[in-house]
Amino acid sequence: MLIEHLNRQLREREAQSLRRRRRIAETPCAPHQRVSLDGQTASEARELLAFCSNDYLGLANHPALIGALAEGARLWGAGAGASHLISGHTRAHAALEDTLAEWAAPNIPGAKALSFCTGYMANLALLTALGDAEATLFADKLNHASLVDGALLAKAKLQRYAHRQFDVLERQLAACTTPIKLIVTDAVFSMDGDLAELDQLLSLAERFDAWLVIDDAHGFGVLGPKGRGSLAHFGLRSERLILMGTLGKAAGLGGAFVAAHPSVIDWLVQSARAYIYTTAAPPAIAHALSASLALIAGDEGEARRQHLRELIAALRCQLAALIAAQPQLGWRLAESDTAIQPLIVGSNDSALALAAALDAQGLWVPAIRPPTVPVGTARLRITLSAAHSQADVTRLVAALATTARELA
């Protein structure tokens, strides 16, 4: 009965062009990768120009980080061996947390930091630990799935507001009667690339005695002076801020952290099940992240951010011209100044066909469909990396232009 039930649902997904399939990267994360399909051998792989990773600064295959990771393994071995609260919390983890609190969260007075294996786990831990029965969570409807799941698992009341509609949020806050209020938002929205107006949200938090929980997965390392992230980008400073950042995107490695008032961090240690009941990340990764943060903050990091900004501007300019020349296609480039550049095409079939046409021309750009994005807004999620070149961007737009002419 179970298998029949699952197969029926799989067929339904297939009919709606919603079935997901994995590819196998045969080479390290980089703009040019050899890629095979699930079921193929490595010898059948093709080289593709990829616009799909979140390696925004191009650090995932950086020699300095490879060396730091190898050094960390020599110093600390292959794994942590236990959870943080048993025997898995090493000096490497502690040093990373101290650095993150000081470097990534100077906007939060007296902040402490707590490291996690993934951003998903960090958000689940955060919202389930803070969102008890005395709390209300106010969440943007386009928040990342991990924030959605954390809010649903929490015992708190949940109120969602339309994307960046702060007049709605203001009315919800004004009507709230619970003693604890948490406004929860992405800083950079992962499927649209736009920024939440964090300054306005903090103003509402201060006005209504609420706390602002920020998922800076796609801003950390990229935005703000020295890549310190979205808090620095907006120049915010308040003890009402609770920051989650990931370390597997711009930082090039893996893991995540929460930075907040010391009492918030202590409460997570005491009660966050997604922190307590899982093995700590390998300490070698924590060791290597120190090298990553130094790169991000230094001259090389700034040069990479500047190059990334130039790539974003070039892509937007070229795509705008292409869309203007082919209005009958109905393509729309989302309003985004970040490395996430969504090309919205509408139907699931259209997005899949466009991705397949690019694949045939040697480009890897993923089609994103519901439920990840709203129905009718299927898209290509183009992501740029500082490891890309201007020639890579030109090649992508040329391939899209070729496909546009064929569709016309």
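Backbone N, Cα and C atoms are what each Cβ position is placed from, and that goes for glycine too.
Remember, it's a predicted structure, so these values are computed and weren't measured experimentally.
Record check: Swiss-Prot places G119, Y120, S190, H218 at the pyridoxal 5'-phosphate site, and the matching candidate among T99, T136, T177, T246 is T246.
If you compare every pair of Cα atoms in G119, Y120, S190, H218, T246, the residues listed for pyridoxal 5'-phosphate, the longest distance is 13 angstrom. Within 10 Å of the Cα of H218 (pyridoxal 5'-phosphate binding site), not one of the binding-site residues from the list R20, H144, T372 places its own Cα. R20 (substrate binding site) sits 24 Å from T246 (pyridoxal 5'-phosphate binding site), taking the Cα positions as reference. Y120 (pyridoxal 5'-phosphate binding site) has its Cα within 10 Å of the Cα of these recorded positions: H144, taken from H144, K249, T372. Looking only at other Cβ atoms within 10 Å, the busiest spot among the binding-site residues S190, T246, T372 turns out to be T246.
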